[in-house]
Amino acid sequence: TGNKTSAMVFVILGFSHRPDMKVVFFILFLCIYIATVLGNLLILLVINMDPVLHTPMYFFLRNLSFLEICYTSVTLPRVMVNLLSSDASISLAGCAAQMYFFLFFGATECCLLAAMAYDRYQAICNPLHYMDIMNKKVCMQLAAFSWICGNLVALGHTAFIFSLPFCGSNVIDHFFCEIQPVLMLVCADTYWNELQIILAAAFVILMPFLLILVSYSLIISTILRIRSAKGRYKAFSTCFSHLTVVTLFYGTAVFIYIRPKSSYSLDVDKVLSLFYSVVTPILNPVIYSLRNREVKGAL
């Protein structure tokens with residue numbers, strides 16, 4: 001396509017540079033997708049069916065598991081279709097929808113992980129008033145805020161990017177409609193878009209991350225004041241799963257979004273995007289079930 005109005009269809013390159021590996025990639029992604037959906041569905045079912053797990057911590061975990069199913073479903077089914085099909089095209093509206101939902105679920109997870117850190121802070125630092133502070137209404141409000149915030153961030157980004165003119169190449173060198181590869185196809189100055197992405201990422205990634213750091217600094221200082229080693233271990237073990245998920249998710253998200261386009265590397269970012277959009281969701285149910293006695297007992 002050679003003009004600003006004709007780029008109504010994008011072509012997603014995906015893993016087309018390795019045609020000999022298409023079947024292998026398809027089987028691998030299919031197994032990952034099935035395991036992710038079933039693993040997170042199992043967590044949802046276990047929490048819903050066991051009254052012992054009807055606590056604030058598991059309310060947020062239930063939200064997280066549902067989120068991971070949605071998050072993975074935005075990218076993997078489309079990737080698998082493209083691997084088996086000779087037509088890897090996606091419409092402008094389809095690309096915008098994929099970007100919106102990917103950002104929606106990703107930004108929501110950032111906020112939800114911060115809410116989970118706040119829950120752990122109250123559980124360890126204010127155990128006597130924990131159930132009063134983290135009542136049903138507060139939990140619902142924190143979860144609702146996470147989903148609303150994620151929606152607003154995704155809506156703003158997607159609307160801003162897809163209001164720009166596309167011209168020249170319509171090939172997206174990625175496996176889904178990620179922000180940076182799509183921005184590379186814009187034939188206007190994208191300085192303000194890049195600035196907006198960095199500022200929004202700083203708000204939706206760094207702000208929750210700072211809240212998590214503050215929560216855990218207070219948690220650690222409280223744990224260190226516990227006299228018995230067994231007590232310290234028990235207190236820390238309730239936070240270990242959440243800390244692991246936070247490290248995996250934020251480690252890649254910060255590197256991808258909080259930097260200018262000039263430092264963008266397609267190959268590196270494909271691997272990182274694959275990690276936080278595909279690998280992290282499958283690890284969450286494993287991390288939470290293997291490290292949690294209550295979940296293992298319920299299973």
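Quick reminder: no glycine exception, Cβ is built from N, Cα and C everywhere.
The model shown is predicted, which means the values in this text are computed figures rather than measured ones.
Here is what TrEMBL says about this protein:
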- 39-288: domain 'G-protein coupled receptors family 1 profile' (DOMAIN)
- 23-47: transmembrane segment (TRANSMEM)
- 59-79: transmembrane segment (TRANSMEM)
- 99-118: transmembrane segment (TRANSMEM)
- 138-162: transmembrane segment (TRANSMEM)
- 197-224: transmembrane segment (TRANSMEM)
- 236-259: transmembrane segment (TRANSMEM)
- 271-290: transmembrane segment (TRANSMEM)
Distant-in-sequence neighbours of the transmembrane segment (99-118), which means Cβ under 8 A and at least six residues beyond its ends: 57, 60-61, 63-64, 67-68, 70-71, 74-75, 142-143, 145-147, 149-151, 153-155, 157-158, 161-162, 176-179, 182, 204-205, 207-209, 211-212, 215-216, 242, 245-246, 249-250, 253, 277
Sequence-remote partners of the transmembrane segment (59-79) [C-beta within less than 8 Å, at least six residues beyond its ends]: 12, 14, 29, 32-33, 36-37, 40-41, 43-44, 47-48, 90, 98, 101-102, 105-106, 108-109, 112-113, 115-116, 119, 139, 142-143, 146, 175-176, 245, 277-278, 280-282, 284-285, 288
Remote residues contacting the transmembrane segment (271-290) - C-beta distance under 8 A, at least 6 residues beyond either end: 29, 32, 35-36, 39-40, 42-43, 61, 64-65, 68-69, 71-72, 74-76, 102, 174-176, 178, 241, 244-245, 248-249, 252-253, 255-256, 296, 299
For the transmembrane segment (23-47), sequence-distant contacts whose Cβ falls under 8 Å of one of its Cβ atoms, 6 or more beyond its ends: 15, 53-54, 58, 61-62, 65-66, 68-69, 72-73, 76-77, 79-80, 83-84, 278-279, 281-282, 284-286, 288-289, 295, 298-299
Segment-level pLDDT (mean, integer) for the domain 'G-protein coupled receptors family 1 profile' (39-288): 84
